[in-house]
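According to TrEMBL, the ATP binding site annotation covers G355, T356, G357, K358, T359. If you look up TrEMBL, you'll see 10-89 marked as domain 'ATP-dependent RecD2 DNA helicase OB-fold'. The domain 'ATP-dependent RecD2 DNA helicase-like helix-hairpin-helix' feature in TrEMBL is assigned to 156-243. Per TrEMBL, domain 'ATP-dependent RecD2 DNA helicase SH3' is recorded for 581-653. The domain 'UvrD-like helicase C-terminal' feature in TrEMBL is assigned to 670-718.
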Amino acid sequence: MAYQEETQLEKITGTLQNVIFASSDSYFKILSIQIEDSTLENWQEPEIIATGTFADVQEGSMYAFYGTVVRHPKYGQQLKVVRYENELPPDEAGLIKYFVSGQFSGIGQKTAEKIVDHLGLNAVNLILDDVHVLDGIIKEATSKKLVHSLQLNLGLERLFQVGNRFGIGADIAGKLYDQYGSEAQDILTQDPYRLVFEFEGIAFKTADLIGQKVGIDREDDRRLQAAVYATIMTISFQYGHTYLTRQQLLQSSIQLLHDEAVRQDLDQAITKLLTTHVLVADGDKLYAATLYEAETQVADDLKRLLHANQPFDMSSEDIDVAFMTPGQLVLDSTQIAAVKAGLKAQVFLLTGGPGTGKTTIVQSIVATWKKVLQAQAKYSDNAQDFLKMYSVKMASPTGRAAKRMTEVTGYDATTIHRLLGIADLGEPEFTSDNPISGGLLIIDEASMLDIELTAKLLAAVPNGMKLIIVGDSDQLPSVGPGNVLADLVGSEKIAHVELDTIYRQGRGSSITTLAQHIKNGQLPADFRQNQRDRSTFMVSHDQTDLAIKQVLQAAIKKGYTQDDLQILTPIYKTTAGVNALNAMAQALFNPIKPAQKSLQFGTTVFRKGDKILQLENDSERDVYNGDMGKIIAVQYKNDKSNDDHEDRIVVDFDGKELSYPKKNLNQLALAYATTVHKAQGNEFKLVIVALTTRFGLMLNRNLLYTGITRAKEALILVGEYEAFNRAAQTAVPFRATFLKNRLADDSVNLRKSSDDKKVEQSVSKRTLTFEMTNSDIIAPLIGLNGITPYDFMPN
Ligand SMILES: Nc1ncnc2c1ncn2[C@@H]1O[C@H](COP(=O)(O)OP(=O)(O)OP(=O)(O)O)[C@@H](O)[C@H]1O
């Protein structure tokens, strides 16, 4: 299947004299070329300027450039390059010279001669096709380096050329090359639909355009299967469903192709995907295999943990004796029941709104657990080992939530990614075969758990390890597919206590009352009346940004910092969206100073002092989607202090300094304003929530509830009353998931764990004596005093 050759392109062969400009966030370059030979007719000059997308081209090397001559208004005529090739030397002497030119480290005259002797004039292509042609000719380490450099110089070049023809940008071509190496070009031109299944970054529409260009049939099975797969993945991730019915999948796939005529063929494509286990059918439910595995695995693992032998059979009496209460608090009967149930059950769910005492109960459970352990340890041969074996682990889906957990409880908490040792895109280090260790695992912010992360988490929990899942089921469900927390609660198979009495007093208490109303689907009658810790500014959509500006100006005057304050809004676009509000808040919190360094990415300009949001998980550097930091330096590539030699910014994430070269700035955004989704797991002293009816389908109860409960001390609501009211009355969209039913099904698929021996080793039950004091429990940190929204309202 050949793709169309471009016709009528000029060809210029010449030596690259000099790279005049190289973009740091793309492969765009401007080159000056000394012409050796060309198809140009009226060109008298010895040189020409060439612009386009180039890999790591070498000054002094020969290339053939194909393109069209265009007139630049300022610089005159230049070649706009469509593709280019590294012009390899035509004889052996030239080829040897090429190898020793300094582009390939470790290759001297002798090695170069050996290579050319053995492989001849076609050496470069042979090496690129199969690294092993160099086996026995040169040292393995040298050959590795050589292949790497050749691939960088030539392989990527070839892919750029091909990608160019299909509208594939250099970044995606680079990623394709990283994933498929020298095969990338063949895959792109012969089987582009394969990329829909395997490669992140090429959507079905792009693959389909390539498919059409290379002449793949409309009814081709590969095309139809890719369409079905793209449909189920897109819908699952957009709406949070874990499955679709066959009819829904078929209908949506037809819509994607805009082609009713292929209905029959699409139906067959579904059947084939089922046969090859890309899709899985469970009754009339069709799943992407990964989601099916995740959902069934979560159910199986929960049943396994529920049925596993308990290391301690703590009696009610033991618990009563050991019971620890944080500080001087008197727990209510539901709270006491929660502590007891949490200690008795193998898996326990603790839910409740803000200020109902979830953290208090976790503290009480952990302290009591530790007290029991300490007493038991005395009877063990090795008390240290014993305590370690039953240690407490705490984790949360986001870095900020983990940090807050540590601050509030005094115990070390981490992200779930870190707990499981998940490196980017990689498999977890801790799995069913290599489970995590410890006696008690507490997971906070469980509303954010999607089905895939939950599956990975539960797989790594060994039999006998106690699991406590804490969350607020009225918050937004996870970004990824699944409705885990709600399904666990709904299954009624797991011990569960819902805390419903609000204890938070003073600042933030009217916010928790408001949250309670919203949870019940109503705004309170006093919604528009300003409270000590809450105010409303009801304005039209078009006035929303100005109203927020006034609030910000007053807040800054009152001494609020950008860390204290967070603007939340549902979407990115419109004048009341994240992008516009960020630009406005940046100008207020961090106004531009004369001659200040800055780096621009897209429409965002980053400056020292800016509040920053991390948009991707980067486990290697321990920074996660949703983490917030501050830019502490903007450095240009020639700055002395910049050892990256690329323009970069340095961000401080709570004491951890990370560098971002310009090409990685897509991982960051300004964070003065964020979506409510991105703020999940975070809390701020003062939160401004903007809602207007323009946000249409985004308006729902869980979104509003999640937004306002991010506020610890004060809340300002800006926008249209109708939007707030509609949000309060609108239930969160339905998610099609089957976890609840799987849990309700009593058939058990138990996995034996090597950790069962832990149970055998557990000490026998005896009456305990305790030596821990209440000072082992760290009181929750209470927020700062002396601030109300009135303080910064315009007079
Ligand atoms: N039984 C109680 N009597 C008095 N105060 C209580 C009681 N239970 C909890 N509190 C207090 O109420 C406040 C909120 O409790 P806690 O932080 O445990 O709630 P939470 O559910 O974790 O809240 P959030 O989800 O907002 O963090 C704390 O100051 C806590 O000390």
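Cβ from N, Cα, C; glycine included.
Heads up, TrEMBL stuff is auto-annotated, nobody curated it.
Feature annotations (TrEMBL) mapped to structure.
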residue : record           : contacts (Cβ under 8 Å, 6+ apart)
G355    : ATP binding site : I502, Y503, R504, G508, S509, T512
T356    : ATP binding site : L499, D500, T501, I502, Y503
G357    : ATP binding site : L331, Q335, L499, T501, Y503
K358    : ATP binding site : L350, T351, G352, V470, D472, L499
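The ATP site, placed at the center of the C-beta atoms of G355, T356, G357, K358, T359, has further neighbours from the same chain whose C-beta lies within 8 angstroms: G352, G353, P354, T360, I361, L499, Y503, R504. DSSP labels the residues of the domain 'ATP-dependent RecD2 DNA helicase-like helix-hairpin-helix' (156-243) in these numbers: 65 helix, 1 strand, 22 coil. Mean model confidence of the domain 'ATP-dependent RecD2 DNA helicase SH3' (581-653) amounts to 90 (pLDDT, 0 to 100 scale). Cβ neighbour count for T359 (ATP binding site) (all protein chains, 10 Å cutoff from its Cβ): 18. Across the domain 'ATP-dependent RecD2 DNA helicase OB-fold' (10-89), DSSP helix (H, G, I), strand (E, B) and coil residues number 0 helix, 53 strand, 27 coil. Annotation note: K358 (ATP binding site) sits in a helical segment as assigned by DSSP.
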